[in-house]
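Working notes, structure below.
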Amino acid sequence: MWLFTVNQVLRKMQRRHSSNTDNIPPERNRSQALSSEASVDEGGVFESLKAEAASPPALFSGLSGSLPTSSFPSSLVLGSSAGGGDVFIQMPASREEGGGRGEGGAYHHRQPHHHFHHGGHRGGSLLQHVGGDHRGHSEEGGDEQPGTPAPALSELKAVICWLQKGLPFILILLAKLCFQHKLGIAVCIGMASTFAYANSTLREQVSLKEKRSVLVILWILAFLAGNTLYVLYTFSSQQLYNSLIFLKPNLETLDFFDLLWIVGIADFVLKYITIALKCLIVALPKIILAVKSKGKFYLVIEELSQLFRSLVPIQLWYKYIMGDDSSNSYFLGGVLIVLYSLCKSFDICGRVGGVRKALKLLCTSQNYGVRATGQQCTEAGDICAICQAEFREPLILLCQHVFCEECLCLWLDRERTCPLSRSVAVDTLRCWKDGATSAHFQVY
């Protein structure tokens, strides 16, 4: 009888255990089996024994003398998933947890601290998960690092900061220099304004061709001559005109600002002379010099002027480099003079080449096209596209466009393409054939 009862109890225990493990889905095999087993009371595994057998001593009274009594550790729970190959162990709870549960009267689930897995795929996925988390944290840490500014930007900020701090002192220094040389600055501004006015007026008269005004040309000549004579007379004690003929002006010392003063006055005077010579060319009537040929003379005058302007400062720079003080180093002065001479020789060679090309162009005739027939003029509308008047000595270009000869020559003195089709009509662009004068300040 008692064997039958024990057999029933063991079968119930097996059915309870199999129901707890077989009902778990495959993807929730181990963790939920652990939670279901852990949610049972520590002594609840044997509650079925207590329910059916109210008094264990009565059931096993016949074997009390032959079977030793042993206490089952209520806190030890063994479990295994059905067919999963995983074994998990719940370690005994501490005394504090047991006491707390007893006092509270309710069981609070606590996650197990240690899990032992048997299966290569679970270990591999866990390592991959940990490695991925580690890489993710490292990438987030790299993204959070503040970017450093570029070196060029930091240097620019430093320069701007320095300028903000030093700008007041720079302005004070400039104000002091301007006050010391106020007379020279005023004279240079006046001469520059005179040059700009005369140059623009002359170009306007050149573009008018035969309709130019002789009175305006005479006014330009008188205006330039008056300014030149006034400046030279005002500073006659310095004998600034000597620099125009490669002589030394009358100055006790020659510092850097004195050098700029003498070179600047000489350069402006030579520009005035250049404009005056071009005014004489403009004033010549058509009988003496044709309008289409005047551009060549403008070019020759300008190239000769630039060559002469580049030669004037040489003796002044030699004087400034060597100096009047005997304590100066002759070796350093000699080296600087050699370097200056080399640089200046390249500049002069370029100027000489420009003069040679201008003279060659002056001696050769330039044909931009051939004479147009009456039929070609009729097909073109009998109106010049440049002057908007009837054709006078019409020329036809390779692009089959017809223009007046004078209009075409004046146009090609500034441009190198056809006014209508923009096809190339001349090989090279020739500057200074429109009567303009270079505003370049020849300081060296």
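Glycine is no exception: its Cβ is also placed from the backbone N, Cα and C atoms.
The annotation compositional bias 'Basic residues' is assigned in Swiss-Prot to 107-121.
Here Swiss-Prot flags 131-140 as compositional bias 'Basic and acidic residues'.
Annotated region 'Disordered' per Swiss-Prot: 13-41 (among others), in sequence order.
Sequence annotations record features per position, and here Swiss-Prot assigns region 'Disordered' to 92-149 (among others).
Summarised as a single figure, the pLDDT of the topological domain 'Extracellular' (1-181) averages 54. The topological domain 'Extracellular' annotation in Swiss-Prot covers 1-181 (among others).
Within the same chain, residues 278, 282-283, 286, 291, 294, 298, 406, 410, 434-436 sit at least 6 positions outside the topological domain 'Cytoplasmic' (203-214) and bring their C-beta atoms closer than 8 Å to a C-beta of that stretch. Feature annotation from Swiss-Prot assigns topological domain 'Cytoplasmic' to 203-214 (among others); the stated evidence is sequence analysis.
Taken from Swiss-Prot, the feature topological domain 'Extracellular' applies to 236-255 (among others), supported by sequence analysis.
The topological domain 'Cytoplasmic' annotation in Swiss-Prot covers 277-329 (among others).
Annotation source Swiss-Prot lists topological domain 'Extracellular' at 351-444 (among others), citing sequence analysis.
The transmembrane segment annotation in Swiss-Prot covers 182-202 (among others) and rests on sequence analysis.
Annotation comment: Swiss-Prot describes 215-235 (among others) as transmembrane segment, evidence class sequence analysis. Same-chain neighbours of the transmembrane segment (215-235): 187, 190-191, 194, 197-198, 201-202, 205, 241, 265, 269, 272, 275-276, 279, 282-283, counting only residues six or more beyond its ends whose CB sits under 8 Å from a CB of the stretch.
The feature transmembrane segment is assigned by Swiss-Prot to 256-276 (among others).
The feature transmembrane segment is assigned by Swiss-Prot to 330-350 (among others), with sequence analysis given as support.
Panel annotation: around the zinc finger (384-422), residues 207, 209, 291-292, 295, 368-372, 376-377, 428-430, 433-434 of the same chain, lying at least six beyond its termini, place a Cβ under 8 Å from a Cβ of the stretch. According to Swiss-Prot, the feature zinc finger maps to 384-422, an assignment based on sequence analysis.
Residues 262-263, 265-266, 269-270, 311-312, 314-316, 319-320, 323-324 of the same chain lie 6+ residues outside the topological domain 'Extracellular' (236-255) yet bring a C-beta within less than 8 angstroms of a C-beta in it.
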